[in-house]
Amino acid sequence: MLDQQTIATIKSTIPLLAETGPALTAHFYQRMFHHNPELKDIFNMSNQRNGDQREALFNAICAYATHIENLPALLPAVERIAQKHASFNIQPEQYQIVGTHLLATLEEMFQPGQAVLDAWGKAYGVLANVFIQRESDIYQQSAGQNGGWHGIRPFRIVAKQPQSSLITSFTLEPVDGGPIAAFRPGQYLAVYIRDKRFEYQEIRQYSLTNEPNGRYYRIAVKRETMGSVSGYLHDVAREGDVIELAAPHGDFYLEVTPETPVALISAGVGQTPMLSMLHSLKNQQHQADIFWLHAAENTEVHAFADEIADVAATLPQLQSYVWYREASSEAARSAHAFHGLMALKDLPTPLPMTNLHCYLCGPVAFMQFAARQLLELGITESQIHYECFGPHKVI
């Protein structure tokens with residue numbers, strides 16, 4: 001535990017941190033990658049270039065300083081970050097590297113005095129130990145279950161199938177032929193890529209799109225305009241190739257009783273974790289209403305439409321609707337399609353307010369747009385769960 005003097009010192013630095021903004025974390029990352037370039041094998045350098053990771057770390061530092069007297073308020077964020085760290089196979093000694101560069105950044109930018117540096121050193125040590133312990137537990141749980149493992153494991157691409165003009169799915173089986181770890185519907189796999197085309201190892205997380213079966217995993221990858229790894233998987237990776245995976249991780253997953261109505265709300269490639277949830281609801285013989293609500297630019301980029309239709313044909317309580325921003329005349333005539341932006345108030349059957357749990361995934365602006373509608377309809381914040389692809393943002 002931190003003493004009151006340390007807490008007071010940390011809180012006194014909040015105005016300075018707020019005034020500096022993400023320039024603080026930009027300096028930190030520049031310093032760390034200069035002195036420890038091996039960490040570029042872990043970090044997504046695309047998120048470094050666009051500033052998303054700098055912003056996410058800055059927000060995390062400010063949140064820690066703000067809630068330094070109420071650390072339980074940070075537990076959801078700790079769990080989300082620990083799950084992501086576990087997918088990167090983060091080790092305890094790497095926290096020491098981060099701590100060294102964090103304190104050096106504070107000294108170089110602010111010259112705040114030894115008392116402030118000592119306080120932040122203590123505070124960082126407490127937080128690092130929380131993460132180290134939680135991640136150790138996650139590693140043990142992953143390795144200890146049937147089919148589980150720690151670190152990375154080679155998998156073969158046994159099927160590669162275009163699902164739309166932008167999204168391709170990959171079915172992956174373990175090279176060793178053994179069983180594979182179960183996962184919670186909504187979780188993701190970390191894919192490790194080493195190739196001469198890349199200066200450093202590249203690690204990306206992709207949501208699982210099938211239900212747990214003990215034999216294979218399926219992911220789906222959207223081709224991003226500037227995406228080096230998505231381009232590699234779309235254009236270079238072939239059936240029969242071997243890639244390495246970490247075990248499934250993630251804090252976004254389906255957690256409802258059979259009597260709980262569920263709304264799966266997505267846009268674009270954000271439907272990938274929802275697919276796993278939907279297949280699991282079907283195979284668990286879910287009893288309550290299920291709403292599949294998806295937004296796509298047009299029919300050309302709309303992935304998995306046939307798969308959803310097949311599920312709907314065998315699941316009477318499923319209501320499936322799609323919104324096309326650039327709808328064709330054929331799509332607009334469909335009884336289950338709308339033209340324009342998603343408007344939840346236009347559903348033929350209103351969403352049930354009582355006990356409905358809503359799962360959201362897609363671009364941040366879309367999730368903010370959908371969440372506002374849900375709140376206006378009477379859904380509470382506790383009924384809304386969401387996943388950000390990339391660094392976390394609050395919707």
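Cβ from N, Cα, C; glycine included.
From the candidate list Y188, Y232, Y359, the residue Swiss-Prot records in the FAD site shared with R204, Q205, Y206, S207, C388, F389, G390, P391 is Y188. Ranked by CA distance from P273 (NADP(+) binding site), the recorded positions E135, Y188, S207, E387 have S207 at the top as the closest.
Counting only the Cα atoms, the space from Y29 (site 'Involved in heme-bound ligand stabilization and O-O bond activation') to Y95 (active site, charge relay system) is about 14 angstrom. Each residue contributes its Cα atom, and for T272 (NADP(+) binding site) and E387 (site 'Influences the redox potential of the prosthetic heme and FAD groups') these two points are 11 Å apart. Considering only the recorded positions H85, Y95, G268, E387, the residues lying within 10 A of E135 (active site, charge relay system) on a C-alpha to C-alpha basis are H85.
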